[in-house]
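Annotation comment: TrEMBL describes 118-542 as domain 'Major facilitator superfamily (MFS) profile'. As annotated by TrEMBL, region 'Disordered' applies to 42-70. According to TrEMBL, the transmembrane segment annotation covers 187-211, 243-262, 274-292, 353-374, 394-415, 454-474, 486-510, 516-538.
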Amino acid sequence: MAANFALRSDRFPLLYRPPPLLYLKPQHALSRRPRFLLPSGRRRSSFRVSSSGGQRKGEEEKRGGVLTGVQRDEAPQVGRAIEEEGGGGRGGVVLDGSYEGFEWKWPPWRDLPQRYKLIGTTSLAFVICNMDKVNLSIAIIPMSHQFGWNSSTAGLVQSTFFCGYALSQLPGGWLAKLFGGRKVLEVGVLAWSLATILVPFVAGFMPGLVLSRILVGVGEGVSPSAATDLIARSIPLQERSRAVAFVFGGLSVGSILGLLLAPPLIQNFGWESVFYIFGFLGIIWCLVFELVKEGRSPFDGEYLFGLRKGPSGISSSLSTSVYARNSWSSSLKELGNSLMDVPWKAFFKSPAVWAMIYVHFCGSWGHYTCLSWLPTYFSEELDLNLTEAAWVSILPSLGSILITSIAAPFADNLISSGVETTVVRKICQTIAFMSPAVCMTLSSLDLGLPPWEIVAFLTSGLALSSFALSGLYCTHQDISPEYASILLGITNTVGAVPGIVGVALTGYLLDLTHSWSISLFAPSIFFYLTGTVVWLVFASSKPQNFSK
């Protein structure tokens, strides 16, 4: 039976008495807590201390379990279940005869492998990413009323985000290769968060507002390449698919949270609150990520009060800085050489690459225009209030999560059963384009449909467009695993153009025609149909050797 010690209280009413000194092993040391003594007859339950969960009492001296001013108590242990759960060899304190086997662990994720912490925080970054992307699609409605913007101006404001997003795609990949994805991701989140907080201050000054949204786009534009680099460096091959799905799945979660939280915040605290709160979330993320990426705890004394020392006693931060300075010129030289070694001409001579570029453009047109304008469409055309419009707008994102879980096994099973990879990619991409084209056509025709049937059609079509993740977005790896990231950078850069042109053009056409069918749906239907034809004719998943 473990050696137990009872700390018994006197019966003096409401007196404070410091607890006796308790010396245990450093890793099991417990902070001293004050005891408040109750009136006679109503004594608190005694504290019970065990110097070891399952050791013989003669071993306490060897374990350092020395107690001063504590009365020995050989009473039966009440907290046996906790002791057995915690395991022997761990000192602990039990309230009312229980705390045995207890060890204080904070934060709760302390014992997780470092790579899981990185993937978890990176996924949270993508949640915040889309929250800051969709917040304007809700806030643009009260902002337009306050500043007197027409649809053309509102479209211009929303499209400026994609200017920065498009410009930072390829540079983000180069910076991630030069500095590492962790640092680029952290800088990107900090940049877009500060730019988001800046929006309410410059909203009445159009050039300032445009610049702030461009900066948000630049910060978010480097994030996909940074996350890809981080996953490649940190995650083993057998876990990489799940890591990619978990990280980029944060985008759908961010869209849902942003569309759910924005309306009540706007209605209760004004539209400015959305930018303040979402922006500060990004800054908090940066502080947490700074600790997680180094594997440190916020309660680490070395982190709070000093620099970590290496084996030679030299600060690791200083040695890292020296190494960074010494490798700066060589890294720039290597980057320049690597860019020159990329077979750019061979890329643009391939019909399959051009098919990916155009299809990415077509898919982005429908996605970005709907992402930006559907809340306004639901509010103005279907007469839904701000909260209802936001709730309806999250349905495509929820549907996408469901469809993605179906499309990926569907494609993998077809390939495993012997179906040619090119055929599988064409089937998936055709579903991804024809479904929203048909549903948008039904929604745009004057069939006398009630609002909720129109919502159902649009939700179904946009959710089924997630089949593209098993079509277009797998083709980069299919045709060239070596250059897949660069090919994705090329197509993603072109794919960001509809965010600039399409979102602004939708607002201009809406002012010109006052028709949602012409301004929002007709261009998307056109690109979905032509993209399907180009994909069926020119797409290929056969591996190509671009280095020849």
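Just so it is clear, glycine is given a Cβ too, placed from its N, Cα and C backbone atoms.
Sequence-distant neighbours of the transmembrane segment (394-415) (same chain, 6+ residues past either end, Cβ-Cβ under 8 Å): 249, 252, 255-256, 259-260, 370, 374, 421, 423-425, 427-428, 455, 458-460, 462-467, 469-471, 474. Below 8 angstroms of C-beta separation, residues 125, 128-129, 132, 135-136, 143, 147, 156-157, 160, 172, 217-223, 226, 271-272, 275-276, 278-283, 285-286, 289 of the same chain, each at least six residues beyond the ends of the transmembrane segment (187-211), sit close to that stretch. Most Cβ pairs under 8 Å to the transmembrane segment (454-474), among the stretches 243-262, 274-292, 353-374, 486-510, 516-538, belong to 353-374.
Mean pLDDT of the predicted structure over the domain 'Major facilitator superfamily (MFS) profile' (118-542): 82.
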